[in-house]
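Participant: This is the structure I have questions about; it appears just below.
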Ligand code: SAM
Ligand code: SF4
């Protein structure tokens, strides 16, 4: 089968798979507390359907799959999904992004099933702030989840942090100190215009330059060479091998080296978080007039269609930019 190469020569090797749009938190930059526009249950891909799409993707050169959401650990069959992806021929490297709430019970089974690595999101070290930021009093569960990920050996454990002005933007150095002490790889992500509540505002977002400047007053940061297709700019800290990452999605776009495609939980392929087009594979999977082999051929063709439609960049900084119709939680972060 053909590789997934777009018209700008970028070869796609990374597939982000959203397992659900549901979530156990309501991070203000992602989902309003009263959010209710959920994807209907019947539209969510079944485990078998997911596996078919991922297998076709792997045959076309995808070698890393990141499970995400919404909150991927809310999917009742999460351990089975990991186990089956890890058991594929030419199994991709398998990672997962989670809010960590269910890791206390799931970290060990996930590691055993074949999960290679994990990203856990945490925006503050204050229990009170966590409650304000997420509308849920679950700070302790995240900390227990982080400990469980360590005990399960899911290294390197990356911690994702979004800073919001006037809420937690004074915590960057303290978060880094905490991460270093606990051997977590911290990455700050610029807030993007992808929230369901439409609260993003360029004028108030905390920029990569501001984060760098703040950290630099406390730490000596040395750029790490060889970023490749990684979203994060990494820096060595105080001359050690420990690093911190800054993902400047808005102010320092990294689209030129992007190798990511996305599959939503309702079976739509996307070439970019910010694209306004989706290519339907659920329809193919549920087409009663096609046998398995014909479905796989058509799904492969739809991957090619998706990759060919990919634009050179996300265009957030163009005056004509229109935010995608679906929020991050439905697309898969
Ligand atoms: N629920 C899981 C979690 O929070 O890790 C996985 C899905 S979440 C959408 C994936 C990542 O996207 C998280 O690290 C989260 O902080 C980040 N995120 C969500 N909304 C964002 C936004 N508007 N801008 C930047 N990052 C965002
Ligand atoms: Fe849920 Fe993750 Fe969005 Fe927070 S960022 S509301 S944990 S999907």
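The first residue you see is number 1, and the count goes up from there.
Every residue, even glycine, has its Cβ placed from backbone N, Cα and C.
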Participant: Which of 1, 192 does TrEMBL put in the same S-adenosyl-L-methionine site as 29, 70, 121?
Facilitator: 192
Participant: For the GTP site that TrEMBL gives with 66, 97, 158, 260, 261, 262, which of 16, 22, 26, 202 also belongs there?
Facilitator: 16
Participant: Among 29, 70, 121, 192, listed as contacts of S-adenosyl-L-methionine, what is the widest Cα spread in Å, to the nearest whole number?
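Facilitator: Pairwise Cα check on 29, 70, 121, 192 gives a maximum of 16 Å.
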Participant: What binding-site residues in the list 29, 66, 70, 121, 260, 272 lie within 10 angstroms of residue 23 ([4Fe-4S] cluster 1 binding site), counting C-alpha atoms?
Facilitator: 70
Participant: Any idea what DSSP makes of residue 260 (GTP binding site), helix, strand or coil?
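Facilitator: Residue 260 (GTP binding site) sits in a strand per DSSP.
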Participant: Need this for a regression test: binding-site residues 66, 121, 192, 255, 260, 272, filtered to those with Cα within 10 Å of residue 30 ([4Fe-4S] cluster 1 binding site). What's left?
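Facilitator: Near residue 30 ([4Fe-4S] cluster 1 binding site) by Cα: 192.
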Participant: Looking only at DSSP and grouping its letters into three states, which state does residue 192 (S-adenosyl-L-methionine binding site) belong to?
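Facilitator: Coil, per DSSP.
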Participant: In angstrom units, rounded to an integer, how far apart are the Cα atoms of residue 27 ([4Fe-4S] cluster 1 binding site) and residue 158 (GTP binding site)?
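Facilitator: Residue 27 ([4Fe-4S] cluster 1 binding site) and residue 158 (GTP binding site) have their Cα atoms 18 Å apart.
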